[in-house]
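Engineer: After the structure tokens below, expect a handful of questions from me.
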Amino acid sequence: MGAIVLVAIMALVASSSAFSDDEQNMMNAEGEKGIRSYSAADDVSDMIESLFVNSGNRNLVLMMLSGRPQPNARCVEDGQPCGFLVSDKGCCLPNYCSQYARGKCICVPKGQPCGLLHFCCLGLTCDGSFQGTCN
């Protein structure tokens, strides 16, 4: 199951970088000029386009691949280097990797923003699933 998910995520990353510069420039120009007619179908296509074109989403996928420990694997301790260019191991819970390529294992302290990939330090909880504050 985990291998299937990994292959799907890697396909998403590969396909998101497959667009040529010309296609990207055309999409940017279209968005700036506002030459669209909107409908429910447009909203869905915009969402799908965003998943494949937006480099922020590609970075999010890479962070997900590098930031979490695998079952029964040794993990990277708090404050130690992490990321897919540094180690094949994820950070120990509740830490996450501060950058997907080369970062440090950190956690979110009390009163700071937390969410989907930014976990609160031990003993704290996030009051939101995607955007919240550590309490």
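Cβ atoms here come from the backbone N, Cα and C positions, even for glycine.
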Engineer: Would you mind checking which of C92, C97, C105, C126 shares a disulfide with C114 in Swiss-Prot?
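Structural biologist: Disulfide pairing in Swiss-Prot: C114 with C126.
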Engineer: For C82, what is the disulfide-bonded cysteine listed in Swiss-Prot, choosing from C92, C97, C107?
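Structural biologist: Its disulfide partner, as Swiss-Prot records it, is C97.
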Engineer: If you look at what Swiss-Prot says, which of C92, C105 makes a disulfide link with C75?
Structural biologist: C92
Engineer: Just confirming the record: what cysteine out of C91, C120 does Swiss-Prot connect to C105 via a disulfide?
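Structural biologist: Its disulfide partner, as Swiss-Prot records it, is C91.
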Engineer: How big is the gap, in Å, between the Cα of C126 (disulfide bond) and that of C134 (disulfide bond), rounded to a whole number?
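Structural biologist: With the alpha carbons as reference points, the distance is 5 Å.
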Engineer: Radius 10 Å, atoms counted are CB only; among the disulfide-bonded residues C82, C105, which position scores highest?
Structural biologist: C82
Engineer: What disulfide-bonded residues in the list C92, C114, C120, C121, C134 lie within 10 angstroms of C105 (disulfide bond), counting C-alpha atoms?
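Structural biologist: Within 10 Å of C105 (disulfide bond): C92.
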Engineer: May I ask which of the disulfide-bonded residues C91, C114, C120 is closest to C97 (disulfide bond) if we compare their C-alpha atoms?
Structural biologist: C91
Engineer: Just checking: which of C75, C107, C134 have a Cα that is within 10 Å of the Cα of C114 (disulfide bond), counting only these disulfide-bonded residues?
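Structural biologist: So the list is C107, C134.
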